Amino acid sequence: MELLTFRDVAIEFSPEEWKCLDPAQQNLYRDVMLENYRNLISLGVAISNPDLVIYLEQRKEPYKVKIHETVAKHPAVCSHFTQDFLPVQGIEDSFHKLILRRYEKCGHENLELRKSCKRKVQKGGYNEFNQCLSTIQSKIFQCNVHVKVFSTFSNSNQRRIRHTGEKHFKECGKSFQKFSDLTQHQGIHAGEKPYTCEECGKDFKWYLIFNEYEIIHTGEKPFTCEECGNIFTTSSNFAKHKVHTGEKSYKYEECGKAFNRSSTLTKHKRIHAEEKPFTCEECGKIITSSSNVAKHKKIHTGEKLYKCQECGKVFNRSTTLTKHNRIHTGEKPYTCEECGKAFSRSSVLNEHKRIHTGEKPYKCEQCGKAFRQSATLNKHKSIHTGEKPYTCEECGKAFSRFTTLNEHKRIHTGERPHKCEECGKAFGWSTDLNKHKIIHTGEKPYKCEECGKAFGWSAYLSKHKKIHTGEKPYRCEECGKAFLCSRALNKHKTIHTGEKPYECEECGKAFGWSTYLSKHKKIHTGEKPYRCEECGKAFRRSRVLNKYKTIHTGDKTPKCKGCGKAFKWSSYLNQHNKIYTGEKL
């Protein structure tokens, strides 16, 4: 008869083997060893060397204590583990369920069973032990060198505690299944933060959070999605990334709707409960999230805590300031792998990628038209509803979007906040500035597959394609005339309405379109920004410059179909054609 010892239900690691385990595996080791210790104590087995237990509870390296020195002192309790208690197939099943689910790294073919527990036993002592033994749970450690299996024993009382959650912490009443979790939880009440980052000095309560935080300094991103190649610094963020699997593990029993994040489920529950606990006293707006209350209040108070040291502009949020700072630094950390173009924001990069993929995920339910951006879809929807809730106080013109109204107001104020860094020219709209920049870069990334013509802006390409298709979707309700683009239709409408909202402050002359007013103003200012590189002559309009250039090149492209005569300018050709039509010149 041999005594049951702590060594029979334990596993030893050398310092080299201990380093092979990751933090999660080390924590699992501590939990199992401490549970084995408590199970032996409950069976009446006294441990002669408690130093190992103390080391484990203090989260010190266990290999500093010799496990074989911990000898059982109770003669009545002995061990007799046969293959009936530890079937190989059962171990393999446990291996697949526990390790493959948790680590997904190795197979069961390299499994080593510990067979040191085959011993003879007194019949009475065995029966006493067998009565206390309710389950055998196989715990497995995975190491780069080898895999070991060992068992933990739990009597019926301890098993009942595990299922009913009777391990309570007296301070707050919270219960835990593992002793290490209880120890870590006690640190919250004590304010203890035992894990300190050597790089920046930040303290943490939990080892796992500390371990993931250290990766920020190294720049390491160990979690890679095999489906799309996205990389993550933490396992929690990687777990949240379930785009490809479509997995939605958080289900609401009320309506059956499922979500891939618990936070989204919590927000959804408020819809059913009609829980809208936060109401703004200033404007009456209902806010479902407490975190957004303080942010919303800053709209009314005008509080802007975050100031840009470069230009003095202030912001409500630190994240907005960070994005703004990139304007001054020129930082563009997000680069397109397809064309090499860089962006200051990841969201803009994601939208840009759709140019290459052709993806248009936002579809209009009314007409089926698809868009790359959700904002463009929202603008498009106003075409069907005809709703225009935003009205200009200056001229009474109505708009479907608030941003469009703000842009319109610049017509009256003359404000041009968007300035070209290359030539200093200012624009009232950012879109016009972006179009203008192409003049300096010469970039034309949008190419027509039909004829090969390239354009600097996607909108120009879309308009150009209609030439090949003959599509003219914008029709005048007054006379039925159709146009390729909405802007041309709006210009045409002024013929019927006689509306001329754009008035020159210098001479009072009015125009139906802002571009005509801009061209007209150059008469008063004498500005001639378009200069001929050949002779230096300057012009107010680019079109006139292009016509003038034919003098130097000798190009006479417009030809009369009747007589074949060529002209420098198309306007001369039009006048010439009147000879044949009999129209008065």
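A Cβ is built for glycine as well, from the same backbone N, Cα and C atoms used for every other residue.
Database features (Swiss-Prot):
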DOMAIN    4-75  domain 'KRAB'
ZN_FING   167-189  zinc finger
ZN_FING   250-272  zinc finger
ZN_FING   278-300  zinc finger
ZN_FING   306-328  zinc finger
ZN_FING   334-356  zinc finger
ZN_FING   362-384  zinc finger
ZN_FING   390-412  zinc finger
ZN_FING   446-468  zinc finger
ZN_FING   474-496  zinc finger
ZN_FING   502-524  zinc finger
ZN_FING   530-552  zinc finger
ZN_FING   558-580  zinc finger
Cβ contacts under 8 Å made by the zinc finger (502-524) with residues that lie 6+ beyond its boundaries: 411, 491, 494, 540-541
Residue distribution over DSSP helix, strand and coil in the zinc finger (530-552): 11 helix, 4 strand, 8 coil
Folded-back contacts onto the zinc finger (306-328), same chain, C-beta under 8 angstroms, at least six residues removed: 295, 298-299, 344-345
Helix, strand and coil counts within the zinc finger (502-524) (DSSP): 11 helix, 4 strand, 8 coil
Positions whose Cβ lies under 8 angstroms from the zinc finger (362-384), at least six residues beyond its ends: 351, 354-355, 400-401
